[in-house]
Each structure stands twice: as structure tokens, then as C-alpha cells.
Amino acid sequence: MYACLRSKRDKKDLFFILQFTYRVFEMPRNRAFSEPEYSAEYSADCSVTLPSDPGQAVGRTHEVTVRNSGCCLCLPRFMRLTFTPDSLENLYQTYFRRQRHETLLVLVVFAALFDCYVIVMCAVVYTSDKLASVVVACVALAVNIVLYLLCRYGLLPERISRRLVPYALWVLIDAQIFCYLGLNFARFHQASDTVGWQAFFSFSFFLTLPLQLTPIVLITAVSCGVHTLALGVTIAQQQQEDIQGAALGRQLFANILIYICAITVGLMSYYMADRKHRKAFLEARQSLEVKLNLEEQSQQQQRLLLSILPKHIADEMLQDMKKEASQKEMQQFNTMYMYRHENVSILFADIVGFTQLSSSCSAQELVKLLNELFARFDKLAAKYHQLRIKILGDCYYCICGLPDYREDHAACSIMMGLAMVEAISYVREKTQTDVDMRVGVHSGTVLGGVLGQKRWQYDVWSTDVTVANKMEAGGIPGRVHISHSTLECLHGEFDVEPGNGGDRCEYLRERSIETYLVVVPKGPVSKNGINGVKLSVTSSNGNSPLLINTTECNGSVHTACTTPEEPEELDTRVVNPSFPNPRRRLRLRDLAERVIDAQENEQELNKLLNEALLERETVQALKGKYTNRLSLRFVNPELETRFSVEKEKQSGAAFSCSCVVLLFTAAIEALIDPLLIANYVTLAVGEVLLLILTICSLAAIFPRVFPKRLVSFSTWIDHTRWARNTWAMAAIFILTLADIIDMLSCQPPQPVGDVSPAPAGLGGCLDNPKYYSYIAVLALIATTMLVQVSHMVKLTLMLLITVASGIVNIYSWRDIFDQYDLNHYKKYRRYLVPSKYTMTVMIFIMMVSFYYFARHVEKLAHTVPVEN
């Protein structure tokens, strides 16, 4: 029965201690901060539910979402994503620019490859009139190389690199295109000149420029508009006499459709990248919230542990706890944490008149008063370098010089005792009771350590501890009673008088221990006194001091900052004097509580999130031991399997790009050759097949819209690498096959052996063979848009497009391109590279460029963050 009652009492005591500790260690929450909660009108992919605050009601969550609105009003509402408030959106834009900074280097490589293309095409059949084109291309190539090196190694100021370089690169690329157009085609401009390169770079701007969507749309529209206007005006001036307005209008309109297709797919790519980055941004925010919550809980546990044990022992015990189980099993005995400490000063202080104080106030008032008093003692202990051992009822027990040796340990203990006498004087005046402090100090050696295996308790043992206890018992209220060993540790900081402790304590008398009472210090030991603190001494009886004032006011030390009439406010926070107060990592809501002004609060939150994002971006480039250099696959099969089955929710949008490209392809061919029946057949059949592929890919994203079997099939495709690759190859194969069928359906002209040029303006593939190569470029763009497909699969698909287009251009369409060159270039034909080769090389250069981008993106996807 007694054991049962005792167990219940222990549980109640433990509950009281935990509740008291929680209230003490928790920061006061005067104001609550919560993330803005918006309605569910936003996409689930761009929202992250953050863990609820432990202090809040169960089930309440904090959700940060994005609004479907933005400054680019010409776009559909679902594509205009923006965070609220504006400061969070600004922070995201900074994060987005940093993420795309490396991708900007890819655009520089694209421009350099274009320069190489111009130089090679001019050098193959070189004439003196091509010198200007070669010089401009060489200068542009040198500028691109220098710009790449400056950006790659961070040699430019951040402001210039982030804000100026993207626009400068856009101007440089446009200048290269227009110089190539003006210098290489100066005598024989055609409506199809450099259209493929303009479409290629228009799409590349959306892929790589670290700008917001609105500036990219504007600069791309300006580039395409100026290019179309320049071609139209130039050709109209050259053909003033026999201008064919209808044919020129169809060609220019076909150019516009190519640009619109490239821009449309570019917008979709930007939207997909922006959506992905916003999700990563919110995941980083969630990770930050969880990390800070865990750190705060860890700090609370550490503070709770350090309130029981000194820091040096707690650290050693924590290190032992982190040992592996195998190491612990090898130990035959439990570890004893015991240390010998020499040259320390032990202080015992007891409240005299505690019984009278208990009878003069209620139990609640007494507990509150003792809590404030002992909290004040803890603060003084931290100030005078004391390690509190324990509180025994109304007795306070601490040591100076443990664990680190201090030469002034005796002086610090005496100052601690004098300060405790001063603190009890406030209680005496407040309660109007005859209470005082009896302080005893003794210096010597102790053995300190932890007792217990389940419930730890730190304590010290030695004869000197017993002597210190008897020094307090044989002391005088309101005085600091010290032994002869303590006096020997002093350096004349204090005057003493005989204490006659043996008259009041039999233990001291039997062992002939000489004792002394501290009187008035001889004067300031140094300019600032002991340990930089000036002493202010008053005396109640004219013989010895009863008060020591060590309070700092307004950043400077005064001899009398407080008086009994204006007592210093007691701090009720429990501070463990055995270790320095650790820096507390606060959560977002805690930061909000500490910042009064709302704008400053918002800046602090964003600063913390920005620092977390910077840490998240600290990654290590994968070496050979992590991935295969050629395939970029993880060497670890398990890690590669996890990576391959990762779900990408935007695969359906990627497949829809193939449908868009096929639709624009059919429209372009209808303008070029309205009578081509195969174009309409491939459009109908191809769109149906591509829609089937797209719907099967979208079913897993919208499971409530489609049947369960279709959703299961779509999920299986997403989680099966070979099925996913097959699905992507099928889409590109359909797109390429439609283009090849249309090209082979065109009737070639009569052989060019009679060297008589065919009449111009007949339309069809004879007057516009280059447009079919531009359609192949659009197919390459559609291949680039595929997601969850490795760069090797994309390379295979792009090789398929390039080889198929090259074979048709060089062999099947040989006569068509020869007749085209004869009709339009006439006597300059022998000074130019045949169009069938220039178009094929152009497609090849673009294929290399897009493959470089695909490899770059996959390399970033395989990058593993480094834990600091």
C-alpha cells in the first residue's frame, strides 16, 4: 500500500516538475504569427501543408499557396502564378534566378555553336564577300567564350551577373542573327532566311534566361517581330517590279506561325519549370519549418538535461549515448562519470527565519516567493561563475572553480554570498519578517559525478564539502563566514575579522578550524574592482557590510544603481549557471513574436528562408563514384531505382506539346502547299494518336476524371522506366513520321539537267523546301519538352529526327533543293553551300544544343545535396 501511494506521489511530482519546466523554458508568446491561409482555389501541386504548432489545436495546419494571378495578363490565368505576400514572391524570384544562373551558361553555349555554324558554312565555300560574316562570327564567338568564363567562375559582380547579363546576352544573340542575315544573304534575301535560328533561340530564351515571364515574352516578341518586319521590307524592296504579294504574305505568315509555335511551347516549358521551382521553394520552406521545430525541441531537451547535469558531464554522456550498440555491448560495466576537482570554493547558504516566513504567507505565495528568490540566486550564480549543485529545501548549494579552474574562485564565492545577503533583504522588507541569509564558504577539493542509472543526480563529495556545510551552520545571519583555507586563496580583496565558528559549531571546534567573517574590502582591487565589478558597501551596524551592489545601469557600472526602496525586478527565468546559455534557433512564428514592426518581421522571416535556400543550394557536383559519366545514372542500383520511379506530375503537359507542334506543323504546311492532301491525313491521324498518349499520361494526374483502369495503367507507365520511354518514343515517332510522310508526298520537279530555272512563285515544296526543315526543328523542341525521360533516350529520338530529315533533304529532296537554289540564287549558286546541306547541318547543330541542355538538366537532377 505504501509503495502504491509512493508511486502515485512520484508521478504527481514528476508531472509538476515537467509542467513547471515547460512553463519556465517556453518563451512568452505575446503575439501569434501564422502563415496566410488562403482558399483551396490553388493547385495542389503548388501548395505545401506545414506542420501545426504544438501549442495550437490539433489538426490545424498552415498552408502556403500561390495565387493564379500575375502581371502577364496576356497569358491564361492558370499560368500566372505568384506568391502572396509580395515579399515572398520577391524572395522566390531571387531563388528562381539563382537556380537558372547555371542554365544561362547553356544559352551562351547555344550562341557559340551558332557562331561555329556560321564560320563553317562560310569557310566551306569561301569568297571575299564572306569576310565580314566570318569576322563578325569570330568576334561574337570570342565574346561568348569570355562571357562564359566570367559567368562560370563568378568573376562578375552579382548585380551585373543577375540583372545585366541576361539582357546583354539577348542583344548579342539578336545581333548575331541579324548580322548573319544581313551579311550572308545581302544579295538574295528570301522569306525563309534564318527563320529556324530565330525560332530556336526564341524557344531557348524561355528555357534558360533567369528572368520573369513578362520580360521574356516581350523580348522574344520584339525579336520575332523585328525579324519578320526586316525580311518583309527587304524582300519587298528587292522585288519592287515583280513582287508577288500573296506568296510573300503566306511565307511571312508561315514564319509567324513558326515563331508562335516556338513561343507557345516555350511558355509551356517556362510554366512547367516555374511550377516545379515553386514546389521546390515551398518544400524548402516546409523543410525549414520542420528543421527549426526539431532544433528547438532538441534545444529544449538539452536545456532540460543541462538543468540537471553540468555541461561537461552532459556532453560526455550524450557522446556515449550516440555510440553504436556493438560498442555498448563490449562494455562489461556501466560507465561512472566521476571527476576530482582541486582548488574550488564551496558555498552553502541557508535562509534564517524560514519557519516564521512560512507562517506569515500562504503556500502559493511562499512557493512563488521562493521561486523568484532562487531564480535570482541562479542569475547571480551565473554572474559570479558558480555551479549550482542543488537546492535543499531553503538551503542553496553551489561551487566556484568547477569544471574549469579559476584563480579567483574564493573571491567569486564571497561576492556571491554578499549578493545573496542583499537579495534576501528585499524579501525581508517585502514580507516584514525577520529573514536573513547565513552563508558559509570553504575552499578545498571535491569529487563530483553522477549517481543513478535511470534517474540521474549530480552531486559532490569530500570532507571539504562537509566543512563548508558546517561553516554555514556555524555562521551568523547577514554575514559571510569563511574558513582559513578560503582566506589563503584570497589576495587581499577583502578585510576579515575573527569568526569564532567553533563557539557555534561543535564540528568546527573539534577540528580546530579557524573561521573568519568578511568585513569591508580594502578598496578597489583594480580600476573596475574584482572581475570588472565595483563594490558598493553599506553597513547596518557600522562594523561589517550587509549589502553589496553589483548592478549595471545603462551600460555603465555605478556604485548604487538600486536601493531597497527601488528594488531590482527579480527575473523568474531559470538559468543554469553551469553552462553558457545556448543560442536558440527560433521558428518562423517565434521570430514574428520578437519583431514589433510588421515589415521588419517579414524581412526577418524572408532572410531566414533565404539563408535556408542558400544552404539547400550548397551541393556537390557528382563525381565518378556517384554516377556513371556517360549515362549519368547512379552507381548505387537502389538509388537509381528510387530515382527512376519518382513521379513527375507534368508528364501529361509535356505530351500535350507534341499535339501543339503537330497542329502548328499542319497549319504551316497548309500555308505553304494548300493542295497537299497528305498533310491533312497526317494531321487527323497524328492528333488522334497523340491525344490518346496524352490522355493516358494525364489519367494518373487527375484520377477522379478518368476511369480506374485507365488511372492504373497511367500510374504503371509513370513508375515503369521502359514503358515511360516507349511512350515518349511513340509520341516523337508519330510527330517525325507525319513530317516525313508530308515531305515524301511532295512531287519533285523535273531533273535540273536542262539548267533552265523553273518559274518562281509556283508555291508548294518547290518554292519553300526550307520550311520542312524548320518543322523538324519544332519536332526537336517537342523532344526537349519530354520529362521523366533520360538524356540518352532524348538523344536517340533527336538522332531519329536529324537522320530522317537529313536523308530526305540530301537524297529524296535532292532535286527539289537544287531547283530551289537555281531559282533563287541563280549566278551566286556556285559561291554558296547547297541548301540541302545547310539545312541538315542546322538541324544537327540544334540537336547537339538540345542534347547538351538535356544532359545539363539531368545532371542537376542527379545532384545530391551535401550535409554540412
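Backbone N, Cα and C define each Cβ position, glycine as well.
Where the annotation comes from TrEMBL, it is an automatic prediction and has not been curated.
The feature transmembrane segment is assigned by TrEMBL to 104-126, 132-151, 163-183, 216-236, 256-273, 678-702, 722-741, 771-789, 796-814, 834-854. Residues annotated as domain 'Guanylate cyclase' in TrEMBL: 345-472. The coiled coil annotation in TrEMBL covers 588-618.
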Stretch in 104-126, 216-236, 256-273, 722-741 most in contact with the transmembrane segment (678-702), if contact is a CB pair under 8 A: 722-741
The answer for the transmembrane segment (834-854), taking Cβ pairs under 8 Å and residues 6+ beyond its ends, is 103, 106, 109-110, 113-114, 116-117, 120-121, 196-197, 200, 204, 207-208, 769-770, 773, 776-777, 780-781, 783-784, 791, 794-795, 798-799, 801-802, 805-806, 809-810, 813-814, 817-818, 820-821
Sequence-distant contacts of the transmembrane segment (132-151), meaning Cβ under 8 Å and at least 6 residues beyond its ends, amount to 101, 104-105, 108-109, 111-112, 115-116, 118-119, 122-123, 126, 161, 165, 168-169, 172, 175-176, 179-180, 183-184
Between the stretches 104-126, 163-183, 216-236, 771-789, 796-814, which one has more Cβ pairs under 8 Å with the transmembrane segment (256-273) than any other? 771-789
For the transmembrane segment (163-183), name the stretch out of 104-126, 216-236, 771-789, 796-814 with the most CB-CB pairs under 8 Å. 104-126
